[in-house]
Amino acid sequence: MRGTPRTCVRRRGRGRSMARVSLFSRARGAVVPHRKDTAELPTQAMPVPGEIMIPMQQHIGALCEPVVKKGDHVDVGSLVGHAPRGLSADIFSGISGTVTAIQPVYYSSGKSDTAVIVESDGKQTVADAVQPPDVSDRASFLVAIRRSGIVGLGGAGFPTDVKLDPPNLDDIDLYIVNGTECEPYLSTDYREMMECADDILFGVRETCRYLAIPKALICIESNKPKAIAHLRRLTADDPAIEVKALPSRYPQGAENVLVHNASGRVVPRGKRQTDVGVMLNNVTTMAAIGRFLATGMPLVRRRFTVAGDAVARPGNYDIIVGTRVRDVIEYVGLVKEPRKIVLGGPMMGNAQIDLDYPVIRQNNGVLVFGEEGMTRPATTPCIRCGRCARACPMSLSPVEIKKAYAVEDIERLDALMADLCMGCGTCSFVCPAKQPLSQTSKLARDFMRTEMAKRR
């Protein structure tokens with residue numbers, strides 16, 4: 001029967017048995033328009049803004065505590081937000097200047113945060129504390145990464161030091177580096193691979209060396225042949241690193257999807273990639289690790305794609321974290337009245353209502369669309385075609401999840417495994433009735449997690 005799981009094949013992996021499973025006999029996900037018009041545009045440095053806004057939560061986890069006050073002077077690389085122990089990541093200033101305020105900042109979701117406002121002095125003086133870290137073993141490596149402010153730069157923002165130090169670290173035998181960049185329009189990871197491959201490889205080699213991981217796979221979608229060829233040339237004499245080309249199919253870069261497609265291993269419900277012997281990070285994250293180990297400069301800048309039919313100078317820009325979206329758009333210019341502005345990609349990004357919101361560490365692009373670039377198809381009744389279920393990379397049934405969520409049937413949502421939804425947007429993309437299935441699936445997921453937590 002179509003869609004039924006194949007038989008598991010067992011294999012040995014560093015002293016343990018592991019399932020190597022091909023989940024479905026047909027490909028899941030969707031072929032989406034690439035729209036990578038900025039891919040071959042070299043990265044340009046955006047001028048230092050006159051002021052930046054630095055939110056105290058630019059990561060998954062606990063809010064940072066401001067360690068500066070109004071009137072304080074900061075330099076490039078100065079600590080401005082201290083992370084509490086556990087799941088969090090220090091935050092640093094990307095400009096030198098004066099702290100002018102510590103004030104609330106509001107997200108498009110309606111949630112609020114605390115932000116440090118820094119006015120530039122135009123000097124870009126580097127903090128004395130910015131020195132290459134002294135790393136000699138696993139413990140000092142993890143301490144260094146903790147002090148780097150590096151988080152997952154593929155979009156999730158998970159603190160990298162926590163990700164690199166799972167309880168079962170000694171069981172990890174495969175390090176996957178995600179260079180797929182499957183979201184349309186965005187090309188920051190591609191430019192990182194083309195322009196900063198040495199930083200990526202230095203980060204990968206040092207990480208695998210200190211964590212004693214024997215094998216690394218750099219996974220790139222087949223629609224990026226130049227990046228594949230470039231990295232293969234640079235790793236030709238390194239048997240510990242393999243560059244693997246994967247089919248261009250969205251959402252190839254989703255972590256559990258990539259783990260399966262790259263290694264054949266399946267991450268069970270409620271488990272992590274490390275439970276199947278895999279650690280995974282984004283190529284831009286690895287480049288940030290490489291640069292930090294070499295220079296000691298914490299994460300204060302990032303590559304950022306600006307695209308969309310309303311943009312006068314689309315491209316890839318090196319910008320300081322904390323730069324307001326408004327300043328980015330004013331710098332690149334517009335050719336028409338913007339009607340929709342999306343922070344991130346079109347599949348998983350969020351529409352913005354406040355252009356004074358800053359670019360934070362995990363943001364990788366902004367899309368600006370005019371009237372012609374927007375699609376607002378009318379929603380029609382579900383025709384029960386099943387396309388959403390066939391396309392879902394997690395083998396969920398979005399239309400059934402929608403029904404269960406409408407009546408808040410928590411048991412039904414649990415049976416439908418709504419908590420596995422990763423919000424990739426594939427179901428909405430393939431739906432001929434243009435139902436907002438991704439939105440309702442994410443709402444159902446969050447509702448289910450909240451209700452389940454209450455019952456524990």
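Along the chain as shown, residues are numbered 1 onward.
Every residue, even glycine, has its Cβ placed from backbone N, Cα and C.
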- Item | Matching residue for the [4Fe-4S] cluster 1 site, where TrEMBL names CYS382, CYS385, CYS388 - out of CYS421, CYS424, CYS431 | CYS431
- Expressed to the nearest Å, what is the distance separating CYS421 ([4Fe-4S] cluster 2 binding site) and CYS388 ([4Fe-4S] cluster 1 binding site) at their Cα atoms? 12
- Message: I'd like to know which of these binding-site residues, CYS385, CYS421, is least surrounded, judged by other CB atoms within 10 A.
- Response: CYS385
- Query: the domain '4Fe-4S ferredoxin-type' (375-402): which same-chain residues, six or more beyond its ends, come within Cβ distance under 8 Å?
  - Reply: 3, 23-24, 26, 28-30, 251, 254, 256-257, 413, 416-418, 420-422, 424, 426-427, 429-438, 440-441, 444
- Query: Under a criterion of Cβ-Cβ distance under 8 Å and sequence separation of at least 6, what residues of the same chain contact CYS392 ([4Fe-4S] cluster 2 binding site)?
  - Reply: ARG28, PRO398, THR426, CYS427
- Message: On average, what pLDDT score does this prediction assign to the domain '4Fe-4S ferredoxin-type' (375-402)?
- Response: 93
- Task: Please name the residue among the binding-site residues CYS382, CYS388, CYS424, CYS427, CYS431 whose C-beta has the most neighbouring C-beta atoms within 10 angstroms.
- Result: CYS427
